[in-house]
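Here is what Swiss-Prot records for this protein:
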type	residues	note
MOD_RES	1	N-acetylmethionine
DOMAIN	4-286	domain 'Protein kinase'
SITE	9	site 'CDK7 binding'
BINDING	10-18, 33, 81-83, 86, 129-132, 145	ATP binding site
MOD_RES	15	phosphotyrosine
MOD_RES	19	phosphotyrosine
SITE	88, 89	site 'CDK7 binding'
ACT_SITE	127	active site, proton acceptor
BINDING	132, 145	Mg(2+) binding site
SITE	166	site 'CDK7 binding'
């Protein structure tokens, strides 16, 4: 740790404080995440160390690179490449004008490339949200915190007792499914896609039941026809109100037919029928994809 000089605190992640830091030996600027675990007393679980070490092998231009894992005195520090801004801050800064569609398309395409890569290595994210999608001035966007959920679990609250957001959580997780798949990440990315387009969160729930009901009000309450097996999921209740599905042209008005088609496939209730990242990359929506540069106010 003595090799790093902390420059400033960037923010509070799910698991601990994140600092901008400088490697004293190389001059490289990095993001330093201190992982606060409940098991501080017993030290860091060896399973977590093993999981995290595997992530050093995940090399892809749309994945934030884990440069190093430093394990000292019951504390764990993760050293990541440094990026300028997260998508949440960028969306907030672009709230008046909106993000131009070519940039939205580029971001979605790049994120799907990152997902396809991780999913092909059987690594899930499980907690995708605009805060852990990081952007650079050159038009790149990268997925951060990949694999941390499996190593440390997804807590209900962060170490500072902030509630971990449910807005991007897939319905199978909300309905208590214990065994979920890569499809949970596609759902989250679909919600983020819609948010970039409309400039507001698609399903901003404030509790698990509110989250589910917001999804149901938009996509219709699922039944055995659209989602075989849904009625036997642990948290499914036959007493759920029966809402009808809304037309997607009302849900994401700025999107063209290709965009709506892709979004509806990313938000398919049945995880087995939800489009994969690899298939999404071949969708007609991306036939004219480019890589524009964002106007960053840093």
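Glycine too: its Cβ is placed from the backbone N, Cα and C atoms.
Small disclaimer: the values here were computed from a predicted structure and weren't measured.
For residue 9 (site 'CDK7 binding'), the Cβ neighbour count at a 10 Å cut-off comes to 11, with all displayed protein chains included. Taking each Cβ in turn and tallying the other Cβ atoms within 10 Å, the top scorer among the recorded positions 33, 88, 89 is 33. Over the domain 'Protein kinase' (4-286), the average per-residue pLDDT in this prediction is 93.
Geometry remark: residue 10 (ATP binding site) versus the residue listed as 'N-acetylmethionine', CA distance 18 Å. Taken residue by residue with DSSP, residue 33 (ATP binding site) is part of a strand. Distance noted between the C-alpha atoms of residue 88 (site 'CDK7 binding') and residue 130 (ATP binding site) is 5 Å. For the residue listed as 'N-acetylmethionine', the spatially nearest entry among the recorded positions 16, 19, 132, 145 is 19, judged by CA separation. Following the DSSP three-state reduction, the secondary structure of residue 145 (ATP binding site) is coil.
Checking the recorded positions (15, 145, 166) against residue 127 (active site, proton acceptor) with a 10 Å Cα-Cα cut-off leaves 145, 166. Among the recorded positions listed (9, 13, 33, 132, 145), 9 has its Cα nearest to the Cα of residue 19 (phosphotyrosine). Each residue contributes its Cα atom, and for residue 9 (site 'CDK7 binding') and residue 166 (site 'CDK7 binding') those atoms are 25 Å apart. Within 10 Å of residue 15 (phosphotyrosine), counting C-alpha to C-alpha distances, fall the following of the binding-site residues 33, 83, 130, 132: 33.
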